[in-house]
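Visitor: Before we start, here is the structure in question, set down as structure tokens.
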Amino acid sequence: GTSRQIPQTIIIGVRKGGTRALLEMLDIHPNIVVAATEVHFFDWDENYVKGIDWYRSLMPFSYGNQITIEKTPGYFTSPQAPGRIHDMNSSIKLLLILRDPTERVISDYTQVYYNRVESHKPVQLFEDIVIKNGALNTKYKAIQRSLYDVHMEKWLKHFSLDQIHIVDGNTLIKDPLPELQKVERFLNLPSQIMSSNFYFNQTKGFYCIRSDGRERCLHESKGRPHPLVNNTVLEQLYSYFREHNAKFYRMVNHSFDWH
């Protein structure tokens with residue numbers, strides 16, 4: 001009695017915002033099934049040309065009362081993804097998880113840094129990438145990805161604000177349950193996720209998941225220590241994002257506790 005369904009909900013981003021944590025935590029819910037991998041259907045042309053049946057074939061089997069969710073953080077910053085998702089399903093519900101944009105930039109750098117170290121490739125200090133000729137390097141991709149207002153504008157051309165639920169990534173890590181209960185309400189699902197589904201792992205420094213008699217934590221690549229960043233550079237980043245954040249708050253009628 002199961003079949004593969006095109007997702008009724010997509011986690012569209014943002015990269016290094018907590019998309020994996022959100023997906024794993026929602027997977028606790030009996031009415032949710034999740035795609036195992038990031039599909040990159042709507043943002044990579046070479047996948048999009050394979051068509052909707054290829055996309056569906058990558059989804060998990062589900063029952064009629066279950067919602068299928070996939071997450072690809074690259075969608076949020078992709079110019080093509082909003083229109084393509086709208087063409088597939090104009091009434092779809094979208095989940096967007098965001099965190100302080102400066103923290104997100106540092107987290108983005110940290111992931112690339114560790115990937116390069118593991119591949120024995122040369123690495124650069126954060127400050128050497130972010131500052132060029134004494135000024136902020138605003139062309140740095142990680143900074144571009146944190147311009148939430150710029151990307152959100154593209155989504156709001158195709159979807160109404162009530163179709164996009166924004167999860168506070170900073171809060172989700174500190175206290176998961178209230179954020180997940182908001183998602184349950186947004187998806188019109190019965191309240192099934194409980195505080196007993198989480199326990200704080202002192203070693204890792206974040207919450208892990210307990211469900212179906214099993215305990216699991218996010219992959220070791222998550223929650224890696226960030227480099228200590230020069231205060232002057234931090235202030236330059238805070239200052240650069242301030243206006244973009246204010247514009248974003250106005251767009252979504254909600255403000256966040258960001259620098």
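Glycine is treated like the rest: Cβ placed from N, Cα and C.
TrEMBL labels come from automatic prediction, so no person has curated them.
Feature annotation from TrEMBL assigns active site, for sulfotransferase activity to K16. What TrEMBL records for K16, G17, G18, T19, R20, R99, S107, Y207, K222, G223, R224, P225, H226 is 3'-phosphoadenylyl sulfate binding site. Residues annotated as disulfide bond in TrEMBL: C208-C217. Positions annotated as domain 'Sulfotransferase' by TrEMBL: 7-245.
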Visitor: Quick one: Cα separation, G18 (3'-phosphoadenylyl sulfate binding site) versus C208 (disulfide bond), in Å?
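Guide: About 13 Å separates the two Cα atoms.
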Visitor: For H226 (3'-phosphoadenylyl sulfate binding site), which of the recorded positions K16, C208, C217 has the nearest Cα in space?
Guide: K16
Visitor: What is the separation, in Å, between the Cα atoms of K16 (active site, for sulfotransferase activity) and R224 (3'-phosphoadenylyl sulfate binding site)?
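Guide: Per the Cα atoms, K16 (active site, for sulfotransferase activity) and R224 (3'-phosphoadenylyl sulfate binding site) stand 11 Å apart.
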Visitor: Across the domain 'Sulfotransferase' (7-245), what does the mean pLDDT come to, as a whole number?
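Guide: Summing pLDDT over the domain 'Sulfotransferase' (7-245) and dividing by its length gives 95.
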Visitor: What's the CA-CA gap between R20 (3'-phosphoadenylyl sulfate binding site) and C217 (disulfide bond) in angstrom, rounded?
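Guide: A Cα-Cα distance of 11 Å.
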Visitor: Taking the Cα atoms as reference points, how far is C208 (disulfide bond) from R224 (3'-phosphoadenylyl sulfate binding site) in Å?
Guide: 15
Visitor: Between K16, R224, which of the recorded positions has its C-beta surrounded by the fewest other C-beta atoms within 10 Å?
Guide: R224
Visitor: Between C217 (disulfide bond) and R224 (3'-phosphoadenylyl sulfate binding site), what is the CA-CA distance rounded to a whole number of Å?
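Guide: Approximately 13 Å lies between the Cα of C217 (disulfide bond) and that of R224 (3'-phosphoadenylyl sulfate binding site).
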Visitor: Using a 10 Å radius around each Cβ and counting other Cβ atoms from all shown chains, which of the binding-site residues R20, H226 yields the largest count?
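Guide: In terms of Cβ crowding, the pick is R20.
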Visitor: What number of additional C-beta atoms lies within 10 angstroms of the C-beta atom of S107 (3'-phosphoadenylyl sulfate binding site)?
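Guide: Excluding its own Cβ, the number within 10 Å is 22.
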Visitor: Select one residue from G18, C208, C217: among these recorded positions, choose the one with the most other Cβ atoms within 10 Å of its Cβ.
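Guide: Result of the Cβ crowding comparison: G18.
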